[in-house]
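So that you can see what the record holds, here are the features copied from Swiss-Prot:
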- 1-36: transit peptide (TRANSIT)
- 106-115: compositional bias 'Low complexity' (COMPBIAS)
- 106-126: region 'Disordered' (REGION)
- 125: N6-acetyllysine (MOD_RES)
- 138: N6-acetyllysine (MOD_RES)
- 142: N6-acetyllysine (MOD_RES)
- 144: N6-acetyllysine (MOD_RES)
- 150: N6-succinyllysine (MOD_RES)
- 150: N6-acetyllysine (MOD_RES)
- 150: ubiquitin cross-link (CROSSLNK)
- 162: N6-succinyllysine (MOD_RES)
- 163: N6-acetyllysine (MOD_RES)
- 173: N6-acetyllysine (MOD_RES)
- 178: N6-succinyllysine (MOD_RES)
- 178: N6-acetyllysine (MOD_RES)
- 185: N6-acetyllysine (MOD_RES)
């Protein structure tokens, strides 16, 4: 571009900026920082107290330091007991983990007092796996029971199944899902066996 064209393009922009600055200066009153300091409510000799410096180390009382050392030396079981005792002593309720966004829309409301009392009672964990144990067999139905046991015990022949039935109580199957354990129990009881799920 030519120098004259460049000066023409800059000219109107600079003119608009100057006009805008003049307009702002007319509308905004000038505030003097010194005048603000003189009008403040602080006394002249008093230093302004600011926030404590973040990089300055905080001094803790010896009692607090000793508590921290004692807690740090506890085992996990002792920490669990300490946590439980503190909750009881300070009457703090167990609170589940909150989602990151806070309350989830449509979530269940917080439990009321009767429900909270039910939570204090330890719930028995429902078992999902069982051991099927044959405890008794009717002498009349031994043949049917031996054949049925052969179906459920892997790698066993009729002679081994007969010895198993003659030396009761015996474990038929271990670590079986609840549905399968119930199925085995029903089948063995149908042919004259007495079965216990453990």
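Heads up, the Cβ atoms here are built off N, Cα and C, so glycines get one too.
Sequence-distant neighbours of residue 142 (N6-acetyllysine) (same chain, 6+ residues apart, CB-CB distance under 8 A): 162, 165, 192. Look at the modified residues 125, 150, 173 and count other Cβ atoms within 10 Å of each Cβ; 125 has the fewest. Calculated from their C-alpha atoms, the gap between residue 150 (N6-succinyllysine) and residue 144 (N6-acetyllysine) amounts to 10 Å. Other Cβ atoms within 10 Å of the Cβ of residue 178 (N6-succinyllysine) number 13 in total over all chains. The sparsest Cβ neighbourhood within 10 Å, among the listed modified residues (144, 162, 163, 185), is found at 163.
Candidate modified residues: 125, 144, 178, 185. Nearest to residue 163 (N6-acetyllysine) by Cα distance: 144.
Residue 138 (N6-acetyllysine) has 185 as its nearest neighbour among the modified residues 125, 173, 178, 185, going by CA to CA distance.
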